[in-house]
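**Student:** Please see the structure below; I have some questions.
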Amino acid sequence: MKSSYGSSSNDLHAFVNEIKGEIQLSNINLDPYSFVSPSAYDTAWLSMIEEDINVDDNELKPMFQGCLDWIMCNQNAREGFWMNSTSYTTVADGRDEDGEKDMCILTSTLACVVALQKWNIGCFHLHKGTRYIERNTEMIIGKYINEEGSYPRWFAIKFTGILELAQKLGLHFVFSSRCIEMIKGMFYQRQEIIQREKLVHDCNYKPLLAYLEVLPSKLYVTNQEDIIVKSLDSMDGSLFQSPSATASAFMLTRNTKCLAYLQNLVQKCPNGVPQKYPLNEDLIKLSMVNLIESTGLGEFFGIEIEHVLEQVYSRYEEKDFERMPMSYLADQLHKDSLAFRMLRMHGRDVSPRSFCWFLNDQETRNHLERNIDSFLLVILSVYRATDLMFPGEHDLQEAREYTRNLLEKRRSIKEKMIMHELSTPWIARLKHLDHRMWIEDKNSNVLSMEKASFLRLHSSYSDKLTHLAARNFEFQQAKYCRELEELTMWVKKWGLSDIGFGREKTTYCYFATVTSLPYEYAIKFGKLAAKTAILITIADDFFDEKGSFNDLEGLTKAVLRWEGEELKSYGNIIFRALDDIVRETANTCRTHHKTDIIVHLRNIWGETFESWLREAEWSKKGHTSSMDEYIRNGMISIAAHTIALSISCLMEPCFPHNKLKPGNYDSITTLLMIIPRLLNDLQSYQKEQEQGKMNSVLLHMKNHPGLEIEDSIAHIEKIIDSKRKEFLEHVLVDGLSDLPKPCKEIHMSCCKVFEMFFNKKNRYDSNTEMLHDIKKALYDPINVYELSEMEPMPLMAHGDEYMILPLLLNSLPNILEFKRKDGYGAMKTSMCFGRSYRVNKRVMASQLDDQHKPLKIVASQRKPVPMMQSIFAPCFY
């Protein structure tokens, strides 16, 4: 839905403090499992386990009463279904994600009503859940069948199996004849799956046995001990780390390892169990930190983020391959790659060996290749980690090529995110727009993919973080829009907006500046950086298009002397605006650092103007420079350092003055100058060839007769790739540069802007190419999904005037009524807290006298309709 948050800074910080109090990432006793979304389906299966099977039926009670309580308290009060989390989405199997959500809700609701039916409690919950199933099954299975007439594998297995169990327990559903035919088709599909697949298959990440809880017993009953017990995980006693499958395994075998696993699970997760256990606890915490940073909230949680990263780094080590079950390996690889990326981004010394161990194990690679859908998030995490590649890291290069190939094979799941990752390199993405994408992505809180659905961070945390991020984003938008208006007034004041030639890029420059910088820097210095970029654009166009050589020479000399009194027309306008920018920058530095840098700034600008004049002179004389000569001048004329150094001087701590002198720049600055120049050349060689100008691509082709233009482009791209890796290493590794970290961040932001401008095309020179991004960054309200309507059912769902009586659920009731409480003395209900309530009493309208007439009727008598012939409904056990 569209959101519009009119937050003030105080409102945001109050919300931040509220969330910090709940999340407590820096708490040393933090339980990571509190961040994981519970699974209604798996919790329902644990609730069905009997504590002791060697007792009479009327003495049976659940082993895990808390799981039954969770079901009673977590039904959607309005619609009657159960689900896992707010923005719940399932593994798409090549299908529409929202459709898969409906399928998962349907199977979860079926499991929950089966659990209530088994324990003969929660009549109102059971009634609402049954009604949801009857109302929605036809729509769900009819809408989401694929073109081949089949359903996702997991759904065909789970839906049919849980439906069989429901029938065995006496639950009957009223479906249309069309719906029944579709369900029959699903049973046929399941039969084909069973005939085609083995119970346990080394190549299948989730083999049939992972769905033990819903499999026909004939598949394993003759050799139950060998099939089930031997498949239990030697490390934890689970069946494929699936609580539901392990619950079924325990009910069938009463195996002590299963019991220990289940008891440990419930102790660790008392408020609903996740669909996978155990989980990598570092992965949970890193995923929470990743969500915070990726949605633009890192500025509020700096202490908490550093605490988590320091914890992870203290356990960091280079790993050689260690054999373990594939589900553990997948989590380990996901955690290791995410830790590598986050630790490297935060300046820690980490080696690619920490996660590239998988490259040397063919079995692991085979699993990844054969189960791309199941491991897609792991593959994506590895690919993202390779964004931060330093020179000589050949393992990272191999991992990048390998994972990119896998991602290109399977783009249907999280397609938008994958396409974004593959088409737009991380180095060419701007912070502010990336934050928006993560905020709007309903799958941003996903941890992993399991049997049927995404395992997610708990919605009670991720939803609040998402809405805080949305409010923060629109708060920033409002600030940026006001600043852009002020910047536009400045451009008009100095006559730059109607100068009559060149590119008018006020909005482009401001957009690129503030969306690339951290918000703290953007709001302090973004407008000044944009002024610098605007003037560079106009001056560059003046040298390229408008000015005579005498005009250009006169302006350059005026800048070198810093005396513009004799300038006229365009030269005068440019110099006066330049003088204003330099004075503002110098005054700001003097205020913050009590130091004068005006001479350094003038020298940097003088060097830039000289490089433009030199290019104009080469063009006028038809001079063909050497490659070295061209690069030495071109890396100055692109003027990336002019922007970066001007703003770096304002950072805290102050930029080293000796690094401001032309010819004595830091290695980071030098690399920043080279990369944008070559990026620009890749997109401008055709235009410059037509104008008779030189370019690194054209020079390389000229110096190597016989080469095609594609060969020269590939050569320049290779140089850029090498310089980019070197640049990243100098920015991210402490000790390779004397520059303070904030100054490195300014250089990184500046580089990312040029990478964005020249990613596959020249976006900066286009009048329309960036308009969509500008709208999203500065104007359009953010799109966020509604918070969940799932709320605990109140103890008395219909107020003090009514009570709800449990029904005899092994036969269909004629009528369900509410009767005045005083007619039953001290009788209590068990509606919300699912304690076993075993007094089964039906209240019929004919049994009531005039004094106790029913107050409300909720369901009337319906004739039970057999769903299908018994051949389609074999017993579960």
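A Cβ is built for glycine as well, from the same backbone N, Cα and C atoms used for every other residue.
Got these off Swiss-Prot a minute ago, pasting:
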type	residues	note
BINDING	Asp540, Asp544	Mg(2+) 1 binding site
BINDING	Asp540, Asp544, Arg677, Asn680	substrate binding site
BINDING	Asp540, Asp544	Mg(2+) 2 binding site
BINDING	Asn680, Ser684, Glu688	Mg(2+) 3 binding site
MOTIF	540-544	motif 'DDXXD motif'
**Student:** Tell me the residue counts in helix, strand and coil for the motif 'DDXXD motif' (540-544), as DSSP assigns them.
**Tutor:** 5 helix, 0 strand, 0 coil
**Student:** Give the sequence-ordered set of same-chain residues, not counting Asn680, Ser684, Glu688, with Cβ within 8 Å of the centre of the Cβ atoms defining the Mg(2+) 3 site.
**Tutor:** Asp681, Leu682, Gln683, Tyr685, Lys687, Lys693, Asn695, Asn762
**Student:** Taking the mean position of the Cβ atoms of Asp540, Asp544, Arg677, Asn680 as the substrate site, which residues outside that list, in the same chain, have a Cβ no more than 8 Å away, listed in sequence order?
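**Tutor:** The surrounding set, listed in chain order, is Gly634, Ser637, Ile638, Ala639, Ser684.
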**Student:** In Å, rounded, how far does the Cα of Asn680 (substrate binding site) sit from the Cα of Glu688 (Mg(2+) 3 binding site)?
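**Tutor:** One finds 11 Å between the Cα atoms of these residues.
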**Student:** Restricting the comparison to the binding-site residues Asp540, Asp544, Arg677, which residue's C-alpha is spatially nearest the C-alpha of Ser684 (Mg(2+) 3 binding site)?
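**Tutor:** When the Cα distances are compared, Arg677 comes out closest.
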**Student:** State the count of C-beta atoms found within 10 angstroms of the C-beta of Arg677 (substrate binding site), not counting that atom itself.
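**Tutor:** Arg677 (substrate binding site): 23 neighbouring Cβ atoms within 10 Å.
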**Student:** Measuring Cα to Cα, tell me the gap between Asp544 (Mg(2+) 1 binding site) and Glu688 (Mg(2+) 3 binding site) in whole angstrom.
**Tutor:** 11
**Student:** Between Glu688 (Mg(2+) 3 binding site) and Arg677 (substrate binding site), how far is it from one CA atom to the other, in Å?
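**Tutor:** Answer for this pair: 14 Å between alpha carbons.
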**Student:** Take the C-alpha atoms of Arg677 (substrate binding site) and Asp540 (Mg(2+) 1 binding site) and report the distance between them in angstrom, rounded.
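**Tutor:** For Arg677 (substrate binding site) versus Asp540 (Mg(2+) 1 binding site), the Cα atoms are 14 Å apart.
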**Student:** Under 8 Å between C-beta atoms and at least six apart in sequence, can you list the same-chain neighbours of Asp540 (Mg(2+) 1 binding site), or say none if there are none?
**Tutor:** Gly502, Trp612, Ser637, Ala639
**Student:** Which whole number of Å gives the largest C-alpha distance between any two of Asp540, Asp544, Arg677, Asn680, the residues noted as binding substrate?
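**Tutor:** The span, Cα to Cα at its widest, is 16 Å.
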**Student:** Looking only at Asn680, Ser684, the binding-site residues on record, which one has the least crowded Cβ, with the fewest other Cβ atoms within 10 Å?
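**Tutor:** Minimum Cβ neighbour count within 10 Å, taken over the binding-site residues Asn680, Ser684, occurs at Ser684.
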**Student:** With every protein chain in view, how many other Cβ atoms are within 10 Å of the Cβ of Glu688 (Mg(2+) 3 binding site)?
**Tutor:** 16
